[in-house]
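For reference, the structure is listed below as structure tokens.
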Amino acid sequence: MQAFFRKPKKFVTLTSKEQRVDVPVGLMTKCPKCKLIQYTKQLEANLKVCVCGYHHPLTATERFEQLFDAGTITYFDLPAVKADPLDFQDYPEKLKGDQVRTGLEEAIVCGVGQVNGYPLVACVMDARFRMGSMGAAVGAAISEAIRYATKERLPVTIFSASGGARMQEGMVSLMQMAKSSLFLKQHSDAGLLYVSCMTHPTTGGVSASFAMLGDFNIAEPGALIGFAGRRIIEQTIREKLPEDFQTSEFLLQAGQLDDVVSRHDLKTYYTRILMMHSEETNHATI
């Protein structure tokens, strides 16, 4: 009789007869803009551009392979610099962790290759490594690549993707802003071309130095570009900023960019610029 008045259990444990199959890591990718989930291989086949137009981040190697002709790329070795100039606590361990995770030595990869037959020196920042922050190694790599381009009389491009100066290197990091700008000035004085392509995100000391010094300043759609953060600016001026503030489209309308170029059109865009500024074309017009 007591069993009749007992309350039924609210929860019932069900045993699964089959072992759950885990989805492999990296099989699917979710777009942060439209929330679409699609196969990663399908996204990569479309240059990592979602159907909604959102440009997913590229690795440095992917950027080189998308822009340059196959079989023409020669990567530069990183210049030898002290990895931890200020003996910052835990910094060496963080560097090693990023090196293992990304397979990179630092937050930048530099090299030379051909874009539809036109030679070009390129520096590509990779935000996976210390958020693409600029330290002594990054500054030295950019400076040496520009020095090589000046010596060989080649155009140069830099793909920026950075959170700014690397805080663990303090003043040494800030010095790279002036150092890279100086080498770009020498490159410009030699009458050579520099194209700056800003990708998401390009902020801090990078946006205040070499990223904005191009003969052509272009950016990918939807890229965040600016020096200080949105919240800091709003608190300083005590005003609400536009929703599209610090986007590449906003900067284009304000006249701070020459163009916003989709990833699908980037190689064609570079080809036109390099063709116009090649030495052969210049000699033909003299």
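Every residue, even glycine, has its Cβ placed from backbone N, Cα and C.
Model, not experiment: these values are computed from the prediction.
Listed features, source Swiss-Prot:
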- 27-286: domain 'CoA carboxyltransferase N-terminal' (DOMAIN)
- 31-52: zinc finger (ZN_FING)
- CYS31, CYS34, CYS50, CYS52: Zn(2+) binding site (BINDING)
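For the binding-site residues CYS34, CYS50, CYS52, the largest tally of other C-beta atoms within 10 A is found at CYS50.
Secondary structure at CYS34 (Zn(2+) binding site), as computed by DSSP, is coil.
Listed in sequence order, the residues PRO32, LYS33, LYS35, LEU36, VAL51, GLY53, TYR54 complete the 8 Å Cβ shell around the Zn(2+) site centroid, once CYS31, CYS34, CYS50, CYS52 themselves are left out. Here CYS31 (Zn(2+) binding site) comes close to ILE37, GLN38, CYS50, CYS52, TYR54, HIS56: these same-chain residues lie at least six apart in sequence, with C-beta atoms under 8 angstroms from its C-beta.
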